[in-house]
Structure formats: C-alpha cells, structure tokens
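Accompanying notes for the structure given below.
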C-alpha cells in the first residue's frame, strides 16, 4: 500500500510543480525523493537513518576474524569453531536450520565477549542493530521457577515475532547454568529442520547460549594435557565437544539438564573456552591499560597477572576468574 501511494504521488508531481518557482520545485522534488526512499522497504536511506533489517548477509568474515584474533586471548579452539560455523551458515542462501552455538567455560574466559563481537559485526556499519540482537539474562528475565509456563509462552512469542520482523535475528542467552529446567526446550520447534513454521522461516536466525556449566570439564582436560606435556593447541576438539554435551545433559546445574535440544541434536556446536594461563591474563591487563588510557608498565602487568593465576593451588597455572576482574585491578593499581 505504501508503495502504491508513493507511485500515485509521483504521477501527480508534474501536475503540481508548474505552479512553483524553480527553487521551490527543486526542494519539493528533493523532499519527494527522500519520501520515496523512506517508503521503500530496503532503501539505502531508510537503512541509514532508521533501523532496517537487511536480509542479505553483511557479515564480513575476514573482519570478524581480525577482531577475534586481536581482542580474544587464549581461545584458539573457540575462535576456529565460531568462524567455521558462521562461514557455513552465511554462505548458504537459505540455511536448512538456524545456527545454534553453546559456549562453555569458566567465567572471564571470553564467552560474552565473543558473542558481543559477533553481534557488532552481524549488520552493516552505521546501521542501528540493537533491534535485531536480543539478549536474555536468565537471572533477570526468568527469575521465578513458579512462572516457567508463562516464560515459555513469552519466549516463543518473542522469538516468533522478532524473526518474522527480521529473519537474520540474533538471540543470546546468558547464565544458562541458572536457567529453569525445561524452559529452553520451549524454543525447540524453532531450532529444527523446517522450511517454515506458520509461514515464518527461521533458518537465518542465530542462537548463542552462554554457560559456565561444563567449564570444570574443559579445565580438567586442558590441565591433563598440560601435565602430560602436551600443548593446549592439541586438545582434541571433537572429543571435547562430545564430552561437553554429555556433561551438561547430565548436570543438574545446567539449563540443558535432560534437554530435548541435546537429545534431538539441535545444538550445532558445543564450543569450549579454555582456562586462561598467565600469558593470556597478561594480554588482558595490557589491553585494559590501553583502554583506560595508561602507558604499558611491564612490571605492573606481570604483578596483576601473577596474582590472578591461582589454579590449581600447586601449579598456579590458570586464572580461576579468567580476565573478569582485570579492569578493577588495573584501576586500583594505577
């Protein structure tokens, strides 16, 4: 209807313009051109000034790889899997199912950071993207166990409505280890292999789950490799992903406890975030000094990183909090 009205408007423009002087005519025609651009559903002007869902993929994998390599420390396995997953999904014009990734690791290892980098790069630069990135925090959005049935209905309606508005929507669920059991299974129909559900196509949507559950298993395997004098780069990805899926399926402290999402293989990638070593924490401190506008101080960097490397108690190989408290430690030390 908007396009039809715009067409009629332009047909009538020559009828009106002769009565105007040349300057007024130029202004009038310029305003008409702007109006036409704003009425077009995917015009460049509308997408520049307003929030616009560009169905065509704008994710530049080389740029996101550069961001991940430059900003994320000690997570070669996670970065490799994320890039491979995004590449496979975005290269398909019509993916058969949504991309579903589950991030697992200790706090401070980069799970939230990586998801934010994906969100920042998912849409064209200078286009407001908040409308198409949906972040659910379990503690904030699903606090009451007695309201699970209501949450299920609300969650289904939210996902259905937003994917209808923008097929390339991103949904991030944090604190999954505190998710009420059974709640996440309510979105199971949207994650499967369907052409459409009630006229809505979900194949371009992306779902990311952030989970501390499974972090101990990841750390256990990484520590075992270190004790056997093997490199962390040699940790077998496929074996680790399988162990993660088994761990969180059986773990009562996991939002995926006995979840149908795992039982029906709807999670495409279980992505391990390895515990951070002393050298990785040093890079976090170095970056934080830069962010806070301070010069690099190698002695201070080493001091903070050494104090944070506390696990296990004998070897003190890893930081049990990752880089979580680096910002506050830097602020207190300057």
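Backbone N, Cα and C define each Cβ position, glycine as well.
Keep in mind that what you see is a predicted model, and the values were worked out from it rather than measured.
Residues or ranges marked as ATP binding site by TrEMBL: 105, 106, 107, 108, 109, 110, 111, 112. Residues annotated as domain 'Torsin-1A C-terminal' in TrEMBL: 276-330. Residues or ranges marked as signal peptide by TrEMBL: 1-19.
Features as recorded by TrEMBL, highlighted on the structure.
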residue: 105; record: ATP binding site; contacts (Cβ under 8 Å, 6+ apart): 78, 111, 212, 214, 215, 218, 272, 273, 274, 275, 322
residue: 106; record: ATP binding site; contacts (Cβ under 8 Å, 6+ apart): 212, 215, 216, 218, 219, 273, 275, 320, 321, 322
residue: 107; record: ATP binding site; contacts (Cβ under 8 Å, 6+ apart): 212, 215, 321, 322, 324
residue: 108; record: ATP binding site; contacts (Cβ under 8 Å, 6+ apart): 276, 319, 321, 322, 323, 324, 325
residue: 109; record: ATP binding site; contacts (Cβ under 8 Å, 6+ apart): 74, 75, 215, 273, 274, 275, 276, 322, 323
residue: 110; record: ATP binding site; contacts (Cβ under 8 Å, 6+ apart): 72, 73, 74, 75, 78, 273, 322, 323
residue: 112; record: ATP binding site; contacts (Cβ under 8 Å, 6+ apart): 174, 210
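For the recorded ATP site, residues 105, 106, 107, 108, 109, 110, 111, 112 set the reference point as the centre of their Cβ atoms, and the other residues of that chain within 8 Å of it by Cβ are 103, 113, 212, 215, 273, 322, 324. The Cβ neighbour count for residue 111 (ATP binding site), using a 10 Å radius over every protein chain in view, is 28. Counting residues of the domain 'Torsin-1A C-terminal' (276-330) by DSSP class, helix then strand then coil, yields 30 helix, 5 strand, 20 coil.
The average pLDDT for the domain 'Torsin-1A C-terminal' (276-330) in the predicted structure is 96.
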